[in-house]
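Written out below as structure tokens is the structure these notes cover.
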Amino acid sequence: MTELPARRLLLVHAHPDDESINNGATMARYAAEGAHVTLVTCTLGERGEVIPPELRHLTGAALGEHRLRELTAAMAELGVEDVRLLGGAGRYGDSGMMGLADNDDPDCFWRADVDTAAATLAEVILEIRPQVVVAYDDHGGYGHPDHIQAHRVALRAVEHAARAGWTVPKVYYNRVPRSVAEAAFARLREELPALPFPKSAAVSDVPGVVDDASITTEIDGTAYAAAKAAAMRAHATQIDVAPGERAFALSNELAQPLFTTEYYQLVQGEPAPDDGRNRESDLFAGTGEVA
Ligand SMILES: [Zn+2]
């Protein structure tokens with residue numbers, strides 16, 4: 001087996017597109033800096049609503065196959081080469097939005113046994129030995145069953161891996177500081193007449209918004225803004241990126257700010273020794289592996 005780079009980052013996501021929206025700039029930055037970036041996506045998102053009218057005939061497995069191609073294209077934009085579907089493509093089905101009958105499908109991720117799925121993910125952790133794992137919080141950021149389940153599986157897999165010999169030094173949740181979200185929406189509402197979307201979403205529509213004090217880490221991805229926007233555009237069935245690349249909408253057509261600085265909360269492991277900043281500026285800070 002070839003030797004992996006010294007710095008290794010693993011991100012766990014529910015559907016193709018979540019990684020580009022939440023972490024596109026972070027992933028592009030670390031890939032460009034020579035870190036090994038591994039994305040594990042738990043489902044193919046085959047119950048997602050499709051935006052372009054000409055692609056709305058895609059449903060079920062056909063949509064899943066299409067979204068896998070979108071994911072591959074998005075990762076090419078970010079320079080990320082190690083992309084995996086948990087248990088193999090199609091192993092876990094999209095569970096649909098919370099409260100739908102889809103949630104009861106025995107093949108959906110929401111119904112999956114957490115320990116079994118976590119054991120599969122733990123194999124990836126033991127292979128890669130990442131210093132950093134990025135996951136959702138216990139609400140999945142916004143309550144989608146697949147996101148909640150991705151949280152459970154990721155955290156359980158970290159436990160499995162620790163028992164089997166690799167303790168992940170740092171585990172983070174995807175976050176957005178409330179003040180940043182509020183300021184971005186204020187700007188967005190002013191820009192709305194020039195955007196191709198009829199209305200603005202609200203702060204409460206953004207996954208992972210928390211009080212600023214909870215934020216431990218801020219990754220400046222300004223240099224990778226174009227890569228992030230291109231990756232989001234690659235998910236054309238799910239995301240509509242506005243010209244100017246400062247806003248986007250999902251299938252609800254509500255404008256949201258496109259963040260190129262991405263935020264995290266350290267939930268396991270030691271924060272970097274205080275370098276005089278309020279927040280870490282590197283997910284690997286303190287692990288002994290620096291750029
Ligand atoms: Zn999702």
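Backbone N, Cα and C atoms are what each Cβ position is placed from, and that goes for glycine too.
Residues His15, Asp18 are recorded by TrEMBL as Zn(2+) binders, and the candidate that the same record lists for that site, out of His139, His147, His151, is His147. Among residues of the same chain six or more beyond the region 'Disordered' (269-291), those with a C-beta under 8 A of the stretch's C-beta atoms are 6-7, 9, 26, 30, 33-35, 131-132, 134, 168-172, 215-220. Note: the Zn(2+) site is recorded as His15, Asp18, His147; in the same chain, His13, Ala14, Asp17, Thr41, Cys42, Thr43, Gly45, Tyr136, Gly140, His144, Asp146, Ala150 also have Cβ atoms within 8 Å of that site's Cβ centroid. Around the Cβ of His147 (Zn(2+) binding site), a 10 Å sphere holds 26 further Cβ atoms from the protein chains shown. Here the region 'Disordered' (269-291) has, by DSSP, the following mix of helix, strand and coil residues: 0 helix, 1 strand, 22 coil.
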